[in-house]
């Protein structure tokens, strides 16, 4: 929810200047107070030298914090290094994102004491105190120490040493600490020393600190409120990745700076405490008020980075089992454990560990694994060594999860996080620019794990559905980013958080898969074994990985590559985008070019002039051919020429293992179209899927004509694979097409064309839904694709679809225990409301009030927007803006309703008299979003002007400057779509 808007109030220039002056004075006063407050309390203040250094600095975390506003807001203090009266600091190492290499951490003794008490968690924050002793080795003489610290108040700071190499004794000297200050921009605590540390010597930094724990922030330490056994309860947990350990304890918060950790947690006796390692012991201590607290200590961790430190304080139950001597426990709400919700995850966790141990020939090094299910956890899951943290919706099975993809989702995510125990935990990337080394490989091995336990699992099609389709849709030359980035490209901490994206996970996994395909699985795994063994408990860079692949390749003679592995793979990891490979089947000529969004004629490679070294696995007439390489911009492959025979055809990119799209000349596409119409089963499913997806994507971006893609759909009456149908429907029946009423001329033609071909696949799945819906449980691709098939059949007016939807909706409203099958529930709810009255709408509202799971509440809020009655939608908007009778906080109701068929007109009308209330409820940015949603079909400058005039008084000045350019982009896109739709309509006329 955005901040309240100030739009709508007129302020004269004189008053504005007066207010600005007052604001500046207020900021200056706050800065002075912050500086006084932020000074670090020292044990011996008389020893300190006040050198005009800016004091403790802290402020919200840039863009990350803007996305996650907290209340109350974090304290804002003067950033160190800014020019303020009496405070100035010249440029120095505190201006750099990377720590200077003066100190290497060896061991941490961390004690944390969050003040979490039962029944005392009404406040949005709670306090914590802590102590950390860090043993470091000095590598360069220095009288200044830098380490990370953020949002922490320093209570004391001492430096002991040099430490002797023998047993610890009391004769160790102390290094004077003259001053402690904070450099906000790069999140450093700086210790100014009265003596110089000596290279080769070891020292111990002793720091005491305090801070705040925020409710549901999920950065560093956070606490959550939940309901269990009919009571409201609280728990506390941690999320240190990527750079949040520094907000829990001062530390050297970079992945390469691995150390061992001894962790102590002080907690209320009614809670239990978990951390990375097994519990070592427990004792008691009393606070100043005489209250008893439990002190739990844990065994020493292996060498690991700070981002893997983990802890949880909770009142949970657990289930456990032993796998190869290792204890595995899953912790969850007591109700969930009692109901057996953790059984599925528990049963597969051990075997996944064993499979990966055997695959890599490296045993899991910790004596136990705890997995805790939090009621909500925005990061989905985190791989902390010994204490994995999950959102419970991704770990626990509910009784009504039988006909869902929940088992597959749990299996995927568990496999991913367990894969990190080797990729990330055992071997860590040297810095975040190589994060794909852990996330890409963990994502890739999800599929190997699941395929091992489910041999019938359709690995290629599921990889396409889950991974490849999404990243190919977003990746393109010039605009997207490379997988591996240069360290010098990073200047701010916030940029690290942005790396957890589609390219790191999906493109990383796709490149690992491609590498495996052009080698072979044995060579691939052998190289990874060597890499993991060599860098265990250490860190590695991308070049280290390539070196181990090259070593394995050099030790054999069967696989011959056109260039070293590094030369091949660096082009894929260091360049953005991917190539389009075009084959002329008449001549065998093949060329590559970067994939551009909206390619224009004669587009050159001036701005993207590198080629890729492309592995080409291919089939001819259904027979797999030998691997060839396209290692320059173009090349002739005579063996790929086809004859005039109807039986001669070629498909490039076997199993879609290459990270590229494929185009053919007109003859090549015609040959494939003819084969589909003659005998589609002669072409494997993955390649029917590939042809549809590539052809539509290439046509949308001007590489081939739209008619080429449409020609491939003529055979669809014979297509019985629902995932192929899914690829067709997401490309043909788009959101823009459904939303734009101007497509009335195409609709009847498309309806006739599709229904004629769709009826067979519809009959197959409608029968399953009516007679044995449980049979879908083991058909992952059907669970993924069925909603789009059902939605399209009903949108096209297929009477059987509408009737089935009515039956399922009525059965559910009469007997709510008869759940609507999950894969089609959203569609059924929407049509139930659309064809119903206020009675059906009110029923959903009542169901909403009784649901506690956010996912179910969001589903119901979207369904309620499907009504076609203007007065019902208007009432819905009133409810949303006034937050009565319900707050509807799960999503923005205004935007949801505006997305619906009738709703955009209702929202526009509603805004005339209520725009200020909407702005206060959802923020002014929501008004901009509504402008784009309402105007998504504009195609003339007049419409842009009208829309700007309508929203003119509602927007702030800076927003008005940007919206016209965005609306112009929407208009241009729609004009392109109109041309495309006109050609589609003409094609449908000819082929219907």
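Cβ atoms here come from the backbone N, Cα and C positions, even for glycine.
Here is what TrEMBL says about this protein:
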| type | residues | note |
| --- | --- | --- |
| ACT_SITE | 417 | active site, proton acceptor |
| BINDING | 416, 420, 439 | Zn(2+) binding site |
| DOMAIN | 104-308 | domain 'Aminopeptidase N-like N-terminal' |
| DOMAIN | 344-572 | domain 'Peptidase M1 membrane alanine aminopeptidase' |
| DOMAIN | 649-971 | domain 'ERAP1-like C-terminal' |
| REGION | 47-92 | region 'Disordered' |
| SITE | 505 | site 'Transition state stabilizer' |
**OP:** Would you mind reading off the Cα separation of residue 416 (Zn(2+) binding site) from residue 505 (site 'Transition state stabilizer'), to the nearest angstrom?
**Re:** 11
Original post:
If you measure residue 505 (site 'Transition state stabilizer') to residue 439 (Zn(2+) binding site) at Cα, how many Å is it?
Top reply: 5
**OP:** Name, in the order they occur in the sequence, the residues of the same chain whose CB lies under 8 A from the CB of the residue listed as 'active site, proton acceptor' and which sit 6 or more residues away.
**Re:** 381, 382, 383, 388, 390, 442
Original post:
How many other Cβ atoms sit within 10 Å of the Cβ of residue 416 (Zn(2+) binding site)?
Top reply: 23
**OP:** Show, in sequence order, which residues other than 416, 420, 439 on the same chain lie with their Cβ within 8 Å of the centre of the Cβ atoms of the Zn(2+) site.
**Re:** 383, 417, 419, 423, 424, 438, 441, 442, 443, 505
Original post:
Given the recorded positions 420, 439, 505, and counting only Cβ atoms in the protein chains shown, which has the most within 10 Å of its Cβ?
Top reply: 439
